[in-house]
């Protein structure tokens, strides 16, 4: 065998890994400071392949342990009051997402021919509901429960590439951060994008002006949702030509988007009234307006979302649409006291650190719920603001009043008719 190794000593013509010289092997590849023979290349290739297969088997075992829809729903219910249909929808969607991943890994491990030609597509979810109805809380609770990468982003910060704001790839960046830049885990994660209605087109008509936070962002997000290889800057921020990028395949990432879609009910109402001109308007008079708004949203069709300002291709990528209803007074009362981290429990813990017991009469809880319902734009989010206003003076004065042992809040305190009842030591 003539390998043309003129100018090299006998010692330098040996494999750096096994020590065989160039006469004992078929091929010896020489680099700047090391050499490797064809035997070692074949050996190392087998090692890497085995590691990959073992990793797939481990991933499959991890996916086998994934919680059932009942488990997911039960956990959501410990933190989120009401919205039973939405919780069930999310539980099934997340479970099916991981069944889909498990099926893919199972085929790689077992080379099974059963349903081998059947491709399981993603079922991305669109959540529609008023502010304070629990969309973000549901996403945050899911993120805590699932041992998988789960990130939450805000659509209002996203702009087209080249404009002030965040690139759409930042939603993938946040997912990478959640799993310490483990690309394999990120590629099977879940992304929740809040305020998705804020990137609706300003008008159905084509405009000559640039809509940098509307249709352009929808087009850019569409590519990620459909499945593409995204090039992500390693430390976030804008892309620069000289920097290296992390490549993330978004094909298996599940996307959940949420928004209030204010005014969507009117679009649905117009469509239905056009189709049922006689009798429909009469029913408006007979129904409670808030109940009607919720029932209208339950009849939402893709064409309504398109008229609202979402592009058809974007709407088409969300086969699951789930509606969150406005919270009733009884549900707001339950939110105050029942969840694991209920607001009342949080403030009781704060007072407990000052060795003071905080109690709320049932009448006070109902009064707080009534106040929250009066501010229709905030929903459950208004509960904390109301509690802060009620308890502010107490939280300010109590650290200097060592003898106070208990504070009682009733409905008169909530409505500003009296001050909290204080109980003292001895």
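Even glycines carry a Cβ here, placed using N, Cα and C.
Per Swiss-Prot, the feature domain 'ClpX-type ZB' maps to 3-56; the stated evidence is sequence analysis. According to Swiss-Prot, the Zn(2+) binding site annotation covers 15, 18, 37, 40, on the basis of sequence analysis. Taken from Swiss-Prot, the feature ATP binding site covers 130, 131, 132, 133, 134, 135, 136, 137, and the record attributes it to sequence analysis.
Neighbour counts of Cβ atoms within 10 Å were compared for the binding-site residues 131, 133, 136, and the top value is held by 133. Residue 37 (Zn(2+) binding site) and residue 131 (ATP binding site) are 65 Å apart (CA-CA, integer value). Comparing C-alpha positions, residue 130 (ATP binding site) sits nearest to 40 among the binding-site residues 15, 37, 40. Residue 134 (ATP binding site) and residue 40 (Zn(2+) binding site) have their C-alpha atoms 58 Å apart, to the nearest angstrom. Using the Cβ center of 130, 131, 132, 133, 134, 135, 136, 137 for ATP, the list of other same-chain residues with Cβ within 8 Å runs, in sequence order, 129, 258, 260, 324, 379, 380, 381. In this structure, residue 37 (Zn(2+) binding site) is part of a beta strand by DSSP. The highest number of surrounding Cβ atoms within 10 Å, among the binding-site residues 15, 18, is found at 15.
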